[in-house]
Amino acid sequence: MEVLLPDTRGQRKLKSLLFISLFVGNIAADCSKPLGLDNMVPTSETLLKNDFPNGSEVTFECGNGYNKDGGSGTSKCLNEIWTEPDLICKKMDCGQPEALANMRFNIPAGTLFGSTIFVFCDGGYQIAGLNYKQCISSGWFGNALCEIVSCEKPSQVPNGRNSWKVEENPKYKEVIHYSCDDGYTLSGPSSITCSSNGQYSSQPPECIDEDIETLSTNKNNGAVALPLTVALVSVAAVATVVALFLYKFQLRRKGWAVGAAPV
């Protein structure tokens, strides 16, 4: 009689294939590590995990520069796909920045996260630091001050002096007065002012020797008197000629009136 022995080798092979199939099926059902979305990211706790079997849940939170406005942030692994988190995130608003003394802002695109505004100073003041501020997650970034404009120290004039006696440079709107030593006369403005552009309102004056000033004045007066004298003499001469002509004309008329021959 022929005895059939069970094919134990074939049964073992079949069991191995079934086991591999079940294992592969389980792996295929898992989800990969969740990635961040437009304005939300997985929590730190989620990122520390390595395995995400089918049915597991993870949590999302609002990303940098965004604030939670509703929802729980939960996402679930269903057949290798993460469900959409029910989380609402809105851009944070840095609000109106604080303007320091003599400072103003140009806000072209609002004050939400990522926005940039520009800093300006009033006349006579200049920016020290950045000329802009940017809204970041911690608030406004960018330090700026409006410092008053200064001019160079005023120059000294020969044979004269100015009123500036301190070590610091003159600042916007400050005035420097000039005076001359005895025997000298001031020529030009007696004071100059530090302007908003860091320049003085005019050049410093000069101190001129009074003797030279008097001589120059006399020469100028003489130059004016000479043409005037010539003009007066000319007018007098013309008047004399006209008078003589009229006198002779009258004599002739009288001679004709008495019948005398004209001369």
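Quick reminder: no glycine exception, Cβ is built from N, Cα and C everywhere.
Lifted from TrEMBL, the feature list:
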DISULFID  Cys62-Cys89  disulfide bond
DISULFID  Cys151-Cys194  disulfide bond
DISULFID  Cys180-Cys207  disulfide bond
DOMAIN    29-91  domain 'Sushi'
DOMAIN    92-148  domain 'Sushi'
DOMAIN    149-209  domain 'Sushi'
TRANSMEM  224-247  transmembrane segment
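Structure coloured by features recorded in TrEMBL.
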residue: Cys62; record: disulfide bond; DSSP (3 states): strand
residue: Cys89; record: disulfide bond; DSSP (3 states): strand
residue: Cys151; record: disulfide bond; DSSP (3 states): coil
residue: Cys180; record: disulfide bond; DSSP (3 states): strand
residue: Cys194; record: disulfide bond; DSSP (3 states): strand
residue: Cys207; record: disulfide bond; DSSP (3 states): strand
Original post:
So for Cys151 (disulfide bond), how many other CB atoms are inside 10 Å of its CB?
Top reply: 20
Original post:
Tell me, how many other CB atoms lie within 10 A of the CB of Cys89 (disulfide bond), whichever protein chain they belong to?
Top reply: 23
Subject >> Per-residue Cβ crowding (10 Å cut-off), top of disulfide-bonded residues Cys194, Cys207 >> reply: Cys194
Subject >> Cys180 (disulfide bond) versus Cys194 (disulfide bond) - Cα distance in angstrom >> reply: 21
Original post:
Rounded to an integer, what is the Cα-Cα distance in Å between Cys207 (disulfide bond) and Cys89 (disulfide bond)?
Top reply: 74
Original post:
Near Cys62 (disulfide bond), which residues of its chain come within a Cβ-Cβ distance under 8 Å, counting only those 6 or more away in sequence?
Top reply: Asn39, Met40, Lys68, Leu87, Cys89
**OP:** Looking only at C-alpha atoms, tell me how far Cys180 (disulfide bond) is from Cys151 (disulfide bond), rounded to the nearest Å.
**Re:** 23
